[in-house]
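Just below is one structure, and these are the notes that go with it.
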Amino acid sequence: MYDNMSTMVYIKEDKLEKLTQDEIISKTKQVIQGLEALKNEHNSILQSLLETLKCLKKDDESNLVEEKSNMIRKSLEMLELGLSEAQVMMALSNHLNAVESEKQKLRAQVRRLCQENQWLRDELANTQQKLQKSEQSVAQLEEEKKHLEFMNQLKKYDDDISPSEDKDTDSTKEPLDDLFPNDEDDPGQGIQQQHSSAAAAAQQGGYEIPARLRTLHNLVIQYASQGRYEVAVPLCKQALEDLEKTSGHDHPDVATMLNILALVYRDQNKYKDAANLLNDALAIREKTLGKDHPAVAATLNNLAVLYGKRGKYKEAEPLCKRALEIREKVLGKDHPDVAKQLNNLALLCQNQGKYEEVEYYYQRALEIYQTKLGPDDPNVAKTKNNLASCYLKQGKFKQAETLYKEILTRAHEREFGSVDDENKPIWMHAEEREECKGKQKDGTSFGEYGGWYKACKVDSPTVTTTLKNLGALYRRQGKFEAAETLEEAAMRSRKQGLDNVHKQRVAEVLNDPENMEKRRSRESLNVDVVKYESGPDGGEEVSMSVEWNGGVSGRASFCGKRQQQQWPGRRHR
């Protein structure tokens, strides 16, 4: 029996090598059950033999029973050993399962740690890049700080430059000045608002732009003027994000920041993005400041200008009218800022062919400027020139001629005193030369009839354009000698003005190359205004620059070519 059992065990051991773990566990359980049964059976037999042994006397038969009992005991010991080994195998199997499970958990953890390690490496690389960019930005800001400190030291020098050059410098800043309610935007009209009156308008609304935003605004001007939009845009976005975290979205400072970012987008010709930001800013300002606040008027005007740039004059007109209503209500109907808004509205109507309304708005603006700023204010000449261009488009040549002559006469009187027989404006010299053509020699000096213009420094770009337009009008009337006189005066004055500007800028470069480079960058950036031909002062902003070629249709032209009526955003040099 024992031999057979051993054989079975060996057979089982041979088969174990080919069994799976689950099969081994199952077979082991069966073996345990079999061994338990054998153990119980052997115990029963042993008990029976022991009972029999008690009843027998000591003889040969009792010895046989005792020998059988000993064999049964040995078998029980082997069964106990087999059971113990089987239980050890079961415990070992459970342990192996636990180890395998733990191994799988550790493998999953290793994979997760590898992924986290890779993520941390990527984050570290990104952080290092951001740190490098931040260090570069810090270095740039340090340079910008030094530059601004230097510019502040030159403030007295800047205050001493000519009035017309001041206007040109202001015009280069205008695209970003419109973001604040104290300089409500009018790119394209070029009617600059004085800071004192603008600040008063802002205070009337009970909201004042924080100094930190003005500093940021100036910094954005510098970056945008250099074409460094990759710096200006993130700077605006970061400031906007910080403001929204600290003050919430519906806060006037957030609206101001939205306006700044909108203008940067506008300079990049991203008109759709700019319009979305301006609409958001408008909603915030109406909610926080009220619908009749000057800042609301500024935002409405900015939005109207933006629509105008996209050719959406019909959509822009009601916005411009609402801005006009607010300014009339807050500032009064005869305030210069109202005239500025009237100029914008006139330009929108002119692009839609509403000439009666254009005349009304320009005439009203002209009356305000003459009353409040005086007849010698540059805005008076500019508005007259705009009104004259409107007359030209309608074929009202006589009215346009009258306005052109008024501009030239006033410019002459401002420089040389009242007009008399010995002191005549250039258009009178031109008409006299036309009447006396053939009698006057070709070698007549320019100074005899046009030298007065060389000293005209007040608003020479407007005068230059007026000379050209009146010359074109003379040419249409067949007054070729008079036309040539005015055109020659304009050409020579322009050349002299450019020479003066060149000399001045050479001197500036020698004194401060960095400042001059910055000035050039600002001038090249300013695509948001339309300028007349540049004069000695570098040019002044106006709502439109129109030269008429004297054709029968009365079409506007520039340098003999057809010029489209432009919304502010294009510049003629």
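Glycine is treated like the rest: Cβ placed from N, Cα and C.
Record note: of Ser62, Ser164, Ser418, Ser521, Swiss-Prot gives the feature phosphoserine to Ser521, with no matching annotation on the rest. Of the residues Ser26, Ser134, Ser524, Swiss-Prot records the annotation phosphoserine for Ser524. DSSP places the residues of the repeat 'TPR 6' (464-497) in helix, strand and coil in these numbers: 31 helix, 0 strand, 3 coil.
Across 255-288, 339-372, 381-414, the stretch most heavily in contact with the repeat 'TPR 3' (297-330), judged by Cβ pairs under 8 Å, is 339-372.
Each residue of the repeat 'TPR 1' (213-246) gets a DSSP state, and the totals for helix, strand and coil are 31 helix, 0 strand, 3 coil. As a summary of secondary structure, the repeat 'TPR 5' (381-414) carries 32 helix, 0 strand, 2 coil according to DSSP.
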